[in-house]
(Lines of atoms letter the chains of each structure in order from A and count residues from 1; the text may use other names and numbers.)
(Lines give C-alpha, C1' and ligand atoms only; values in the text may rest on other atoms or scores of the structure.)
Protein backbone atom coordinates (compact mmCIF):
# COMPACT_ATOMS: atom_id res chain seq x y z
CA UNK A 1 0.00 0.00 0.00
CA UNK A 2 2.94 2.32 0.68
CA UNK A 3 4.93 1.49 -2.48
CA UNK A 4 2.53 3.10 -4.93
CA UNK A 5 2.45 6.50 -3.27
CA UNK A 6 6.24 6.44 -2.92
CA UNK A 7 6.62 5.65 -6.61
CA UNK A 8 4.25 8.45 -7.47
CA UNK A 9 6.26 10.84 -5.33
CA UNK A 10 9.48 9.69 -6.97
CA UNK A 11 8.04 10.24 -10.45
CA UNK A 12 6.85 13.69 -9.53
CA UNK A 13 10.29 14.71 -8.31
CA UNK A 14 11.48 15.06 -11.89
CA UNK A 15 8.84 17.68 -12.64
CA UNK A 16 9.12 21.06 -10.97
CA UNK A 17 6.00 23.19 -10.47
CA UNK A 18 5.65 25.63 -13.38
CA UNK A 19 6.08 28.67 -11.13
CA UNK A 20 9.59 27.57 -10.12
CA UNK A 21 10.90 27.95 -13.68
CA UNK A 22 12.97 31.10 -14.12
CA UNK A 23 11.28 32.14 -17.36
CA UNK A 24 7.83 32.01 -15.70
CA UNK A 25 9.08 34.13 -12.80
CA UNK A 26 10.68 36.68 -15.14
CA UNK A 27 7.54 36.85 -17.30
CA UNK A 28 5.39 37.43 -14.20
CA UNK A 29 7.84 40.08 -12.96
CA UNK A 30 7.70 41.93 -16.30
CA UNK A 31 3.88 41.93 -16.22
CA UNK A 32 3.87 43.16 -12.61
CA UNK A 33 6.39 45.88 -13.48
CA UNK A 34 4.24 47.12 -16.37
CA UNK A 35 1.14 47.30 -14.16
CA UNK A 36 2.94 49.04 -11.31
CA UNK A 37 4.64 51.53 -13.62
CA UNK A 38 1.34 52.35 -15.33
CA UNK A 39 -0.84 52.80 -12.25
CA UNK A 40 1.82 54.13 -9.84
CA UNK A 41 4.37 55.87 -12.11
CA UNK A 42 6.12 57.83 -9.34
CA UNK A 43 6.73 54.69 -7.31
CA UNK A 44 7.73 52.80 -10.47
CA UNK A 45 10.49 55.28 -11.32
CA UNK A 46 11.92 54.81 -7.82
CA UNK A 47 12.50 51.10 -8.55
CA UNK A 48 15.22 51.79 -11.12
CA UNK A 49 17.98 50.72 -8.66
CA UNK A 50 16.59 47.15 -8.70
CA UNK A 51 17.25 46.81 -12.43
CA UNK A 52 20.59 48.62 -12.23
CA UNK A 53 21.76 46.43 -9.34
CA UNK A 54 20.91 43.22 -11.17
CA UNK A 55 22.76 44.31 -14.32
CA UNK A 56 25.78 45.20 -12.15
CA UNK A 57 25.63 41.73 -10.59
CA UNK A 58 25.75 40.13 -14.03
CA UNK A 59 28.52 42.43 -15.27
CA UNK A 60 30.52 41.44 -12.19
CA UNK A 61 30.76 37.86 -13.46
CA UNK A 62 31.06 38.46 -17.23
CA UNK A 63 34.84 38.96 -17.29
CA UNK A 64 35.63 35.71 -15.36
CA UNK A 65 33.19 33.75 -17.55
CA UNK A 66 34.80 35.00 -20.77
CA UNK A 67 38.34 34.48 -19.49
CA UNK A 68 37.76 30.91 -18.27
CA UNK A 69 35.77 29.88 -21.35
CA UNK A 70 38.20 31.32 -23.89
CA UNK A 71 41.48 30.47 -22.14
CA UNK A 72 40.57 26.83 -21.41
CA UNK A 73 38.97 26.39 -24.83
CA UNK A 74 42.03 27.60 -26.75
CA UNK A 75 44.45 25.81 -24.40
CA UNK A 76 42.70 22.55 -25.30
CA UNK A 77 43.18 23.09 -29.04
CA UNK A 78 45.84 20.89 -30.58
CA UNK A 79 45.88 23.06 -33.72
CA UNK A 80 46.41 26.74 -32.91
CA UNK A 81 45.62 27.67 -36.51
CA UNK A 82 42.01 26.84 -35.59
CA UNK A 83 41.88 29.99 -33.47
CA UNK A 84 42.53 32.12 -36.53
CA UNK A 85 40.10 30.11 -38.64
CA UNK A 86 37.30 30.38 -36.07
CA UNK A 87 37.87 34.12 -35.68
CA UNK A 88 38.03 34.62 -39.45
CA UNK A 89 34.85 32.68 -40.14
CA UNK A 90 33.06 34.44 -37.30
CA UNK A 91 34.02 37.87 -38.68
CA UNK A 92 32.89 36.81 -42.18
CA UNK A 93 29.52 35.77 -40.76
CA UNK A 94 29.23 38.97 -38.71
CA UNK A 95 30.05 41.22 -41.68
CA UNK A 96 27.60 39.41 -43.97
CA UNK A 97 24.57 39.43 -41.70
CA UNK A 98 25.23 42.81 -40.08
CA UNK A 99 25.33 44.38 -43.54
CA UNK A 100 22.21 42.46 -44.55
CA UNK A 101 20.41 43.80 -41.46
CA UNK A 102 21.39 47.37 -42.38
CA UNK A 103 20.12 46.87 -45.95
CA UNK A 104 16.84 45.38 -44.72
CA UNK A 105 16.27 48.39 -42.45
CA UNK A 106 16.94 50.68 -45.41
CA UNK A 107 14.55 48.83 -47.71
CA UNK A 108 11.74 48.65 -45.13
CA UNK A 109 12.06 52.38 -44.39
CA UNK A 110 11.73 53.20 -48.10
CA UNK A 111 8.73 50.90 -48.57
CA UNK A 112 6.76 51.64 -45.38
CA UNK A 113 7.91 55.28 -44.90
CA UNK A 114 6.97 55.47 -41.19
CA UNK A 115 7.94 59.16 -40.94
CA UNK A 116 6.09 60.41 -44.02
CA UNK A 117 3.53 63.16 -43.44
CA UNK A 118 4.85 64.36 -40.06
CA UNK A 119 6.17 67.60 -41.65
CA UNK A 120 8.39 68.62 -38.74
CA UNK A 121 10.56 71.70 -39.17
CA UNK A 122 14.18 70.72 -38.35
CA UNK A 123 14.75 74.24 -36.96
CA UNK A 124 12.10 73.61 -34.30
CA UNK A 125 13.97 70.66 -32.84
CA UNK A 126 15.97 71.10 -29.65
CA UNK A 127 19.55 69.90 -30.22
CA UNK A 128 20.23 70.14 -26.47
CA UNK A 129 18.01 67.09 -25.90
CA UNK A 130 20.48 64.83 -27.68
CA UNK A 131 23.66 66.81 -27.04
CA UNK A 132 24.96 64.23 -24.56
CA UNK A 133 24.52 61.36 -27.00
CA UNK A 134 26.12 63.36 -29.81
CA UNK A 135 29.11 64.18 -27.59
CA UNK A 136 29.60 60.51 -26.76
CA UNK A 137 29.29 59.67 -30.46
CA UNK A 138 32.06 62.13 -31.39
CA UNK A 139 34.32 60.43 -28.86
CA UNK A 140 34.08 57.26 -30.97
CA UNK A 141 36.43 56.66 -33.90
CA UNK A 142 37.46 53.53 -35.76
CA UNK A 143 41.14 53.91 -34.82
CA UNK A 144 40.25 54.69 -31.22
CA UNK A 145 37.92 51.70 -31.06
CA UNK A 146 40.58 49.32 -32.40
CA UNK A 147 43.38 50.60 -30.14
CA UNK A 148 41.05 50.46 -27.14
CA UNK A 149 40.80 46.68 -27.59
CA UNK A 150 44.33 46.48 -26.16
CA UNK A 151 44.11 46.99 -22.37
CA UNK A 152 46.53 49.30 -20.59
CA UNK A 153 46.84 46.69 -17.84
CA UNK A 154 45.41 43.20 -17.36
CA UNK A 155 43.85 44.24 -14.06
CA UNK A 156 42.30 47.29 -15.72
CA UNK A 157 40.56 45.17 -18.35
CA UNK A 158 38.93 43.00 -15.68
CA UNK A 159 38.21 45.93 -13.35
CA UNK A 160 36.45 47.91 -16.09
CA UNK A 161 34.66 44.81 -17.40
CA UNK A 162 35.51 45.73 -21.01
CA UNK A 163 34.40 42.66 -23.00
CA UNK A 164 36.78 43.08 -25.95
CA UNK A 165 39.79 43.84 -23.73
CA UNK A 166 39.10 40.77 -21.59
CA UNK A 167 38.62 38.70 -24.76
CA UNK A 168 41.90 40.01 -26.23
CA UNK A 169 43.89 39.03 -23.13
CA UNK A 170 42.06 35.68 -22.82
CA UNK A 171 42.91 34.71 -26.40
CA UNK A 172 46.60 35.57 -25.92
CA UNK A 173 46.73 33.74 -22.58
CA UNK A 174 45.02 30.67 -24.07
CA UNK A 175 47.49 30.62 -26.97
CA UNK A 176 50.39 30.91 -24.51
CA UNK A 177 49.05 27.96 -22.49
CA UNK A 178 48.72 25.86 -25.65
CA UNK A 179 52.27 26.73 -26.78
CA UNK A 180 53.81 25.86 -23.40
CA UNK A 181 52.31 22.37 -23.63
CA UNK A 182 52.57 19.87 -20.77
CA UNK A 183 54.13 22.38 -18.36
CA UNK A 184 50.90 24.39 -18.45
CA UNK A 185 48.69 21.43 -17.48
CA UNK A 186 48.47 22.42 -13.76
CA UNK A 187 47.28 25.90 -14.77
CA UNK A 188 44.77 24.50 -17.29
CA UNK A 189 43.47 21.99 -14.74
CA UNK A 190 43.06 24.77 -12.19
CA UNK A 191 41.15 26.95 -14.66
CA UNK A 192 38.94 24.02 -15.67
CA UNK A 193 38.20 23.32 -12.00
CA UNK A 194 37.41 27.01 -11.45
CA UNK A 195 34.87 27.00 -14.30
CA UNK A 196 32.32 24.91 -12.36
CA UNK A 197 31.95 27.23 -9.33
CA UNK A 198 31.93 30.32 -11.57
CA UNK A 199 29.01 29.00 -13.62
CA UNK A 200 27.33 27.91 -10.38
CA UNK A 201 27.66 31.52 -9.25
CA UNK A 202 26.00 32.60 -12.52
CA UNK A 203 23.08 30.28 -11.73
CA UNK A 204 22.81 31.78 -8.24
CA UNK A 205 22.83 35.35 -9.59
CA UNK A 206 20.12 34.47 -12.11
CA UNK A 207 17.78 33.79 -9.18
CA UNK A 208 17.61 37.58 -8.81
CA UNK A 209 16.55 38.04 -12.45
CA UNK A 210 12.82 38.47 -11.68
CA UNK A 211 13.60 41.27 -9.21
CA UNK A 212 15.82 43.03 -11.74
CA UNK A 213 13.28 42.65 -14.55
CA UNK A 214 10.48 43.93 -12.29
CA UNK A 215 12.40 47.05 -11.27
CA UNK A 216 13.62 47.84 -14.79
CA UNK A 217 10.18 47.47 -16.37
CA UNK A 218 8.41 49.45 -13.62
CA UNK A 219 10.91 52.28 -14.15
CA UNK A 220 10.53 52.26 -17.95
CA UNK A 221 6.73 52.39 -17.93
CA UNK A 222 6.63 54.77 -14.96
CA UNK A 223 8.99 57.30 -16.54
CA UNK A 224 8.00 57.18 -20.21
CA UNK A 225 4.41 55.97 -19.95
CA UNK A 226 2.49 53.77 -22.35
CA UNK A 227 1.12 56.92 -24.02
CA UNK A 228 4.52 57.83 -25.47
CA UNK A 229 4.37 54.65 -27.54
CA UNK A 230 1.15 55.69 -29.29
CA UNK A 231 2.65 58.91 -30.67
CA UNK A 232 5.22 57.05 -32.76
CA UNK A 233 3.46 53.69 -33.03
CA UNK A 234 4.18 53.42 -36.76
CA UNK A 235 7.94 53.47 -36.26
CA UNK A 236 7.84 51.11 -33.28
CA UNK A 237 5.51 48.67 -35.04
CA UNK A 238 7.60 48.72 -38.22
CA UNK A 239 10.78 48.04 -36.25
CA UNK A 240 9.30 45.20 -34.20
CA UNK A 241 7.74 43.49 -37.23
CA UNK A 242 10.93 43.88 -39.30
CA UNK A 243 13.06 42.43 -36.49
CA UNK A 244 10.64 39.53 -36.01
CA UNK A 245 10.69 38.74 -39.73
CA UNK A 246 14.49 38.99 -39.75
CA UNK A 247 14.68 36.40 -36.97
CA UNK A 248 12.05 34.02 -38.36
CA UNK A 249 12.80 34.36 -42.09
CA UNK A 250 16.47 35.32 -42.49
CA UNK A 251 17.96 33.66 -39.40
CA UNK A 252 15.33 30.92 -39.74
CA UNK A 253 16.61 30.10 -43.23
CA UNK A 254 20.22 30.07 -41.98
CA UNK A 255 19.20 27.80 -39.11
CA UNK A 256 17.27 25.42 -41.35
CA UNK A 257 20.16 25.21 -43.82
CA UNK A 258 22.50 24.36 -40.96
CA UNK A 259 20.27 21.65 -39.55
CA UNK A 260 18.26 23.15 -36.71
CA UNK A 261 14.99 24.99 -36.12
CA UNK A 262 14.99 28.67 -35.19
CA UNK A 263 11.76 28.16 -33.23
CA UNK A 264 13.36 25.34 -31.23
CA UNK A 265 16.39 27.56 -30.55
CA UNK A 266 14.13 30.38 -29.33
CA UNK A 267 12.41 27.91 -27.02
CA UNK A 268 15.79 26.68 -25.75
CA UNK A 269 17.04 30.19 -24.86
CA UNK A 270 13.68 31.51 -23.64
CA UNK A 271 15.01 32.34 -20.17
CA UNK A 272 17.77 34.49 -21.66
CA UNK A 273 15.28 36.18 -24.02
CA UNK A 274 12.93 37.06 -21.17
CA UNK A 275 15.85 38.33 -19.12
CA UNK A 276 16.82 40.63 -22.00
CA UNK A 277 13.19 41.72 -22.40
CA UNK A 278 13.05 42.74 -18.76
CA UNK A 279 16.40 44.54 -18.58
CA UNK A 280 16.77 45.82 -22.20
CA UNK A 281 20.40 44.66 -22.09
CA UNK A 282 21.65 41.68 -24.07
CA UNK A 283 24.76 41.81 -21.86
CA UNK A 284 22.66 40.58 -18.92
CA UNK A 285 22.18 37.26 -20.71
CA UNK A 286 25.78 36.77 -21.88
CA UNK A 287 26.93 34.28 -19.19
CA UNK A 288 23.76 32.21 -19.51
CA UNK A 289 23.92 32.21 -23.31
CA UNK A 290 27.54 31.01 -23.31
CA UNK A 291 26.62 28.20 -20.93
CA UNK A 292 23.57 27.21 -23.01
CA UNK A 293 25.51 27.15 -26.30
CA UNK A 294 28.17 24.90 -24.80
CA UNK A 295 25.47 22.56 -23.48
CA UNK A 296 23.93 22.57 -26.96
CA UNK A 297 27.02 20.92 -28.42
CA UNK A 298 29.18 23.88 -29.48
CA UNK A 299 32.81 23.46 -28.43
CA UNK A 300 33.97 25.79 -25.67
CA UNK A 301 36.68 27.33 -27.86
CA UNK A 302 34.10 28.40 -30.46
CA UNK A 303 31.61 29.68 -27.87
CA UNK A 304 34.31 31.69 -26.12
CA UNK A 305 35.43 33.40 -29.32
CA UNK A 306 32.15 33.92 -31.17
CA UNK A 307 29.74 35.19 -28.50
CA UNK A 308 31.90 37.89 -26.80
CA UNK A 309 33.09 39.13 -30.22
CA UNK A 310 29.54 39.08 -31.53
CA UNK A 311 28.48 41.44 -28.75
CA UNK A 312 30.39 44.21 -30.57
CA UNK A 313 30.43 43.02 -34.18
CA UNK A 314 27.17 41.10 -34.69
CA UNK A 315 24.32 43.34 -33.56
CA UNK A 316 21.60 42.60 -36.10
CA UNK A 317 18.84 44.36 -34.17
CA UNK A 318 20.92 47.50 -33.71
CA UNK A 319 21.74 47.56 -37.43
CA UNK A 320 18.09 47.28 -38.50
CA UNK A 321 17.26 50.09 -36.07
CA UNK A 322 20.03 52.40 -37.30
CA UNK A 323 19.03 52.63 -40.97
CA UNK A 324 15.30 52.49 -40.19
CA UNK A 325 15.54 55.28 -37.59
CA UNK A 326 17.83 57.43 -39.77
CA UNK A 327 15.39 57.34 -42.69
CA UNK A 328 12.45 57.91 -40.32
CA UNK A 329 14.09 61.15 -39.11
CA UNK A 330 14.73 62.24 -42.71
CA UNK A 331 11.12 61.49 -43.71
CA UNK A 332 9.66 63.19 -40.62
CA UNK A 333 11.65 66.38 -41.29
CA UNK A 334 10.83 66.38 -45.01
CA UNK A 335 14.38 65.68 -46.17
CA UNK A 336 14.60 63.78 -49.45
CA UNK A 337 17.57 61.42 -49.44
CA UNK A 338 18.96 60.37 -52.81
CA UNK A 339 20.18 56.82 -53.35
CA UNK A 340 23.70 58.23 -53.09
CA UNK A 341 22.89 59.68 -49.67
CA UNK A 342 21.40 56.37 -48.56
CA UNK A 343 24.44 54.41 -49.77
CA UNK A 344 26.68 56.82 -47.83
CA UNK A 345 24.47 56.29 -44.78
CA UNK A 346 24.80 52.52 -45.23
CA UNK A 347 28.60 52.65 -45.53
CA UNK A 348 28.99 54.88 -42.47
CA UNK A 349 26.62 52.67 -40.46
CA UNK A 350 28.64 49.58 -41.43
CA UNK A 351 31.65 51.12 -39.69
CA UNK A 352 30.03 52.90 -36.74
CA UNK A 353 27.89 49.90 -35.77
CA UNK A 354 30.95 47.73 -35.14
CA UNK A 355 31.76 49.52 -31.90
CA UNK A 356 28.33 49.24 -30.28
CA UNK A 357 28.37 47.36 -26.99
CA UNK A 358 25.57 45.17 -25.71
CA UNK A 359 24.41 47.71 -23.13
CA UNK A 360 21.21 49.69 -22.82
CA UNK A 361 21.22 52.81 -25.02
CA UNK A 362 24.32 51.90 -27.05
CA UNK A 363 22.22 51.76 -30.23
CA UNK A 364 21.12 55.38 -29.73
CA UNK A 365 24.73 56.55 -29.31
CA UNK A 366 25.76 54.61 -32.42
CA UNK A 367 22.94 56.24 -34.38
CA UNK A 368 24.24 59.64 -33.25
CA UNK A 369 27.71 58.66 -34.46
CA UNK A 370 26.29 57.74 -37.87
CA UNK A 371 24.19 60.88 -38.31
CA UNK A 372 27.06 63.13 -37.24
CA UNK A 373 29.01 61.92 -40.29
CA UNK A 374 26.09 62.00 -42.74
CA UNK A 375 25.33 65.73 -43.34
CA UNK A 376 21.92 65.19 -44.97
CA UNK A 377 20.11 64.06 -41.79
CA UNK A 378 20.10 66.43 -38.76
CA UNK A 379 21.43 64.92 -35.53
CA UNK A 380 18.88 67.07 -33.68
CA UNK A 381 16.20 64.94 -35.35
CA UNK A 382 17.05 62.21 -32.86
CA UNK A 383 14.99 64.19 -30.35
CA UNK A 384 11.93 62.81 -32.19
CA UNK A 385 12.68 59.26 -31.08
CA UNK A 386 14.41 59.96 -27.76
CA UNK A 387 11.21 59.33 -25.79
CA UNK A 388 10.48 55.96 -27.40
CA UNK A 389 14.03 54.66 -27.80
CA UNK A 390 13.76 52.82 -24.49
CA UNK A 391 10.85 50.77 -25.87
CA UNK A 392 12.83 49.93 -29.02
CA UNK A 393 15.86 48.95 -26.96
CA UNK A 394 14.23 45.67 -25.91
CA UNK A 395 13.69 44.61 -29.52
CA UNK A 396 17.26 45.53 -30.48
CA UNK A 397 18.67 43.51 -27.60
CA UNK A 398 16.44 40.48 -28.30
CA UNK A 399 17.38 40.40 -32.00
CA UNK A 400 21.07 40.82 -31.14
CA UNK A 401 20.90 37.88 -28.73
CA UNK A 402 19.23 35.52 -31.21
CA UNK A 403 21.69 36.58 -33.92
CA UNK A 404 24.67 35.66 -31.75
CA UNK A 405 23.13 32.33 -30.74
CA UNK A 406 22.62 31.39 -34.41
CA UNK A 407 26.12 32.61 -35.31
CA UNK A 408 27.69 30.39 -32.63
CA UNK A 409 26.01 27.23 -33.90
CA UNK A 410 26.78 28.04 -37.56
CA UNK A 411 30.47 28.82 -36.96
CA UNK A 412 30.83 25.72 -34.76
CA UNK A 413 29.40 23.62 -37.58
CA UNK A 414 31.66 25.22 -40.18
CA UNK A 415 34.63 24.20 -38.01
CA UNK A 416 33.25 20.68 -37.34
CA UNK A 417 33.17 21.64 -33.66
CA UNK A 418 29.45 20.96 -33.23
CA UNK A 419 28.02 17.82 -31.61
CA UNK A 420 24.85 17.49 -33.71
CA UNK A 421 23.38 14.78 -31.47
CA UNK A 422 23.85 17.00 -28.42
CA UNK A 423 22.31 19.93 -30.32
CA UNK A 424 19.29 17.82 -31.27
CA UNK A 425 18.84 16.71 -27.68
CA UNK A 426 19.15 20.27 -26.35
CA UNK A 427 16.63 21.64 -28.85
CA UNK A 428 14.21 18.82 -28.16
CA UNK A 429 14.90 16.94 -31.36
CA UNK A 430 13.75 19.90 -33.48
CA UNK A 431 16.49 19.62 -36.09
CA UNK A 432 16.20 19.45 -39.83
CA UNK A 433 18.20 17.90 -42.62
CA UNK A 434 21.79 19.01 -42.26
CA UNK A 435 23.28 20.88 -45.22
CA UNK A 436 26.94 20.24 -46.09
CA UNK A 437 29.39 21.78 -43.61
CA UNK A 438 31.78 24.55 -44.48
CA UNK A 439 29.59 27.55 -45.26
CA UNK A 440 26.27 28.86 -46.39
CA UNK A 441 26.66 27.40 -49.88
CA UNK A 442 26.61 23.63 -50.49
CA UNK A 443 30.04 22.12 -50.85
CA UNK A 444 30.83 21.15 -54.44
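Cβ from N, Cα, C; glycine included.
Feature transmembrane segment, per Swiss-Prot, maps to range 201-221 of the set 117-137, 201-221.
Remark: the transmembrane segment (234-254) contacts the transmembrane segment (92-112), by the rule of 3 or more CB pairs under 8 A. The transmembrane segment (17-37) shares the most Cβ pairs under 8 Å with 201-221, out of the stretches 161-181, 201-221, 320-340, 368-388. Remark: the transmembrane segment (320-340) makes no contact with the transmembrane segment (161-181), by the rule of 3 or more CB pairs under 8 A.
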